[in-house]
Amino acid sequence: MGDLFRSEEMALVQFFVQPEAAYHIVADLGEVGCVQFRDLNDEVNLFQRKFTSEVKRLNEMERQLRYIEAEIKNSEIPIQELSEMPKAPNPREIVNLEAHLEKTEQDIRKMSAAGATLKKEYIDCIHQKYVLLKSQAFFHQQEEALNSDYLPEELRHASQLGFIAGVANKDKLYPLERLLWRISRGNILLRQADIDELIEDPITGVETRKAAFIVFFQGENLANKILKICSGFKITIVNVPADAALRDGLVKGVAAEVLDLKMVISQTEDHRRRILVSVAKEIQSWIIIVYKMKAIYNTLNMFSQDISRKCLIAEGWVPKKDLVFVARALSEGFDSGGSSVASFYNVLDTQTTPPTFNRTNRFTQGFQNLIASYAFSSYRELNPALYTIITFPFLFAIMFGDLGHGVIVTCFGIWMVLSEKKIAAQKGKNEIFSIFFGGRYIILLMGIFSMYTGFIYNDVFSKSMNIFGTKWKVNGTNLKQSGISFFEDNDTLVSLVPLYSYAGSPYFAGLDPAWQSADNKIIFLNSFKMKLSIIFGVVHMAFGVCLSVVNFVHFKKYSHILLDFLPKILFFGFLFVYLVIMIFMKWGNYSAMNDYEIDTIHGSSCAPNVLIFFIGMMLFKAPTSNVPCEDYMYGGQQTLQRILVVLAVVCIPWMLLGVPIHEIMSRKKKPAPRVTRQNGHTSRAASITELETIPESSVLPSHEEEPLSDLMVHAGIHTIEFTLSTVSHTASYLRLWALSLAHAQLSDVLWDMVLRKALVTLSHPYTGGVAIYIIFFAWSSITVGILVLMEGLSAFLHTLRLHWVEFMTKFFEGQGYDFEPFSFKRLLEADEENARD
């Protein structure tokens, strides 16, 4: 939990690596994922770096793998999943894979080209076959048409007609015939016949309905026009002999050729498929191997060389706890590379701000992502994710408090947690579901906390549970004497008045179930939840202000405790903590039972309005009350309130001038710094036995001295923002009250308008039984869709805002940047996300 408390200590490490062992060292570090390398060749062109040729070779292999993978998917061949992730091989072993991929690509391309050519020939033969089969009928129809009275005079007396035959898509024949009729002025004769078999288009590969046709005409000029039009329509022209005997012989030859081509195409496709099936078993492993090797060489291109060009130099950020893995990788790289000289590293003393790294697990990752979505913590700053684990689901549950809805959310979270390995293995997850899955533990806790608050609210799908027995007694006689009407039927609500109906002892836990049947329920809950939201908001913000002390102590800014924290917490306490105290005093000192007792000044009719009291306190106005009520809740309240307001105003210049004045005085006393460092840092060697003794001071975030004018401006902005935001942030927590009340009322309306109404009106024993299933389905669908999903999303977003704005701004700078180590797992996950996008 210490890693979650604040970011880990980082060390800037300088590596001195022998070229023979560099590849193996980087490969081992990529498996561990603990070093964020810095590019030491910023000014060097990518094409001029040392390992550019290796990257080019791997780019070509990556292109070949993409082509082979696409062919496998197009052939609908399943790709075998990996049981375990392969490691990066020795560079010498990649030669065999490179040759194998090149040969496989060539074989697939040759067979694909041959298959396309054979398929085109096969389709042409099919076209010729059907045209020849239909030609006999076409010529017979032509002879009949010559003797027809409808044929033009020129064609009827012609001794011989020319003809053009072909195959076209059926939907093109009608526009073709109309166009030919127009250009020939009716001097053509077109005959067509449908082809029963669906024929595959050689270009698109889609099976289409086609028809054979023949056009009879006269004259070479018209023949050329018909051929051009057929070419424009992309129609296949088939040569058909005019002699019937030749047509019969050609039909037999074409039929035999069709059978031969079909057999050859089948054999070619089978051979191609066998190659793809064998490749599909290994292609996932090859893709990962090539990807890892490419990542290794890209990382090696970030290394620089020493003057003698016999050693590679690298720099990178490493968590101090992981330096042992760095030492192990250097040792194993020395053994694997066969180098004669061992590689080593130095830990550099630097003033450069390190990246922020919070080590997480499956449970804490979701909460850390909530913080990272807003900003990354400054280096070694207090991490808000630790406290968010409890405060986030709790504030959500205040707005979403319903035991029934909480059970639904909890069951969904439990299902995702128990099935997380199975769900994580699915690569084609929906993007929205992936977001839900990433926050599965957040959803689980939100459901559990919602069940708790729903139990406290005594709200289950807008109904109550009478577990411990109500503490209200509804006596008809007493109600009539008080002038309040009461009826025995269940459709009439009653008013719960403590003077007449309260038994005098509180309900054991949570809200009394009698309030669910009261017509003044909203009035009671409105006041109760509004005050609770103010109390929780003030406690939450005060806790955030107090957390800033932890940062000041860690960074040894002890003066800021007196000059920054103390005026803030006093200003906040003098005004808003006092507001909370007045709420508790009102609850404790005033009771409805005292209105008709001796002490009437502490009855409900004399209970003050806390908001009016607070406004009067800020304006120095005395409250007005009715006789015999007292003006104040306790003696000396007016004097104390004025003192608190004056002290709160005094805290404002304290916040404004305290830090700048202290900074000015500190700079006057500080001697001029002596420059003893070169290139921004000094270095020292570190061995494995020294890893645990590296002080945190070896890496400190840089803080350049700000000009005094900028310091005063920042202090002014900070002071104005805090003093004004305390009012707006406190009011912002009223969203806890508003959303909780809205959620309860929506659930109540859905029950009364849908399910309850159906249960009352559907009294028929047959139709009512069927209808209740339909109505229950509608009620449950609306409950899940609106009350759980939409209301849950709304409460989630409001809770997120309360943490980002109202809570975290009290102590969180968020000026850091993320630690992005060289990690194969991280790179592969990012590549999969980009592929899905």
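Quick reminder: no glycine exception, Cβ is built from N, Cα and C everywhere.
Long-range contacts of the coiled coil (94-121) within the same chain: residues 57, 61, 64-65, 67-68, 71, 200, 202, 261, 264-265, 268-269, 271-272, 275-276, 279, 286, 289-290, 293, each at least 6 residues beyond the stretch ends and with a Cβ under 8 Å from a Cβ of the stretch. What TrEMBL records for 94-121 is coiled coil.
Residues annotated as transmembrane segment in TrEMBL: 385-418 (among others).
With a threshold of 8 Å between CB atoms, the same-chain residues lying at least 6 positions outside the transmembrane segment (439-457) that come near it are 362-363, 366-367, 369-370, 389, 392-394, 396-398, 400-414, 416-417, 420, 509-511, 740, 744, 792, 796. Sequence annotations record features per position, and here TrEMBL assigns transmembrane segment to 439-457 (among others).
The transmembrane segment feature in TrEMBL is assigned to 492-511 (among others).
Residues annotated as transmembrane segment in TrEMBL: 532-553 (among others). Listed by sequence, the residues of this chain that lie at least six past the ends of the transmembrane segment (532-553) yet keep a Cβ under 8 A from its Cβ atoms are 381-382, 387, 391, 395, 398, 560-561, 564-565, 568-569, 572-573, 576-577, 579-580, 583, 726, 729-730, 732-737, 740, 802, 806-811.
Under the heading transmembrane segment, TrEMBL lists 565-585 (among others). Proximity of distant same-chain residues to the transmembrane segment (565-585), defined by a Cβ-Cβ separation under 8 Å and at least 6 residues beyond the stretch ends, is recorded for 531, 534-535, 538-539, 541-542, 545-546, 548-549, 552, 610, 613-614, 618, 633-634, 641, 644-645, 647-648, 651-652, 654-655, 658, 722-723, 726, 730.
Annotation source TrEMBL lists transmembrane segment at 606-623 (among others).
Under the heading transmembrane segment, TrEMBL lists 643-661 (among others).
Residues 400, 402, 405, 408-409, 446, 461, 739, 742-743, 746-747, 750-751, 754-755, 758-759, 762 of the same chain sit 6 or more residues outside the transmembrane segment (771-793) yet have a Cβ under 8 Å from a Cβ within it. What TrEMBL records for 771-793 (among others) is transmembrane segment.
Confidence over the coiled coil (94-121), given as mean pLDDT on the 0 to 100 scale, stands at 88. Under 8 Å from some Cβ of the transmembrane segment (606-623) lie the Cβ atoms of residues 531, 575, 579, 582-583, 586, 590, 600, 629-633, 638, 641-642, 644-645, all in the same chain and six or more residues away from its ends.
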